[in-house]
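To start, the structure itself, in structure tokens.
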Amino acid sequence: MDDTLFQLKFTAKQLEKLAKKAEKDSKAEQAKVKKALLQKNVECARVYAENAIRKKNEGVNWLRMASRVDAVASKVQTAVTMKGVTKNMAQVTKALDKALSTMDLQKVSSVMDRFEQQVQNLDVHTSVMEDSMSSATTLTTPQEQVDSLIMQIAEENGLEVLDQLSQLPEGASAVGESSVRSQEDQLSRRLAALRN
């Protein structure tokens with residue numbers, strides 16, 4: 001069981017590394033978007049933005065898979081812990097029976113304190129497992145993400161691309177910076193929650 005737990009944790013770490021690499025690749029593509037926008041080449045910027053979004057989604061998918069593997073590892077860890085707690089509770093119960101038979105109140109109190117501590121530890125393990133199983137949020141469509149990323153990079157660098165984006169088909173643009181920041185905030189919160 002311990003070997004399985006080790007393999008699960010190792011796999012989760014590998015998936016997290018893949019997620020970080022995809023995020024790094026996404027940032028590199030975003031830099032290419034900026035360069036293309038500086039050269040007034042919106043078409044190339046769109047291609048690079050699509051690559052950036054694809055890499056970002058790939059990273060989120062790797063992270064999501066790592067989270068699932070980590071959740072399984074938590075379940076295995078809980079099973080191992082529960083086995084140990086059950087064994088300890090059996091010992092405590094025997095000690096409690098022995099203490100009650102002699103009616104030594106100090107021993108009864110000591111055994112009950114140990115029992116309550118083990119129940120609290122069990123609650124903590126259960127809470128950690130439930131927290132690791134929280135659901136993931138749904139991402140918006142890639143086209144909106146592409147336009148949003150182009151707008152964000154253009155705004156951050158003071159570039160004028162609104163007139164060029166307005167020439168695109170209806171509904172292809174106009175996702176604001178607040179939408180991107182909201183998504184990034186959500187991803188940051190999820191990533192922080194996964195690390196804890």
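Just so you know, glycine gets a Cβ as well, placed from its N, Cα and C.
As annotated by Swiss-Prot, N-acetylmethionine applies to M1, with the evidence given as a large-scale study or a structure entry. Among the features that Swiss-Prot reports, coiled coil is placed at 5-47, 102-124. According to Swiss-Prot, the phosphoserine annotation covers S101, S173, on the basis of a large-scale study or a structure entry. Annotation source Swiss-Prot lists region 'Disordered' at 173-196. The motif 'MIT-interacting motif' feature in Swiss-Prot is assigned to 185-195.
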Non-local residues, at least 6 beyond the ends, that sit with Cβ under 8 Å of the coiled coil (5-47): 53, 55-56, 58-60, 62-63, 65-66, 69-70, 72-73, 76-77, 80, 146, 149-150, 153-154, 157, 159, 161, 164-165
CB contacts for S101 (phosphoserine) [other CB atoms within 10 A, all chains]: 8
Between M1 (N-acetylmethionine) and S101 (phosphoserine): CA-CA distance (Å): 38
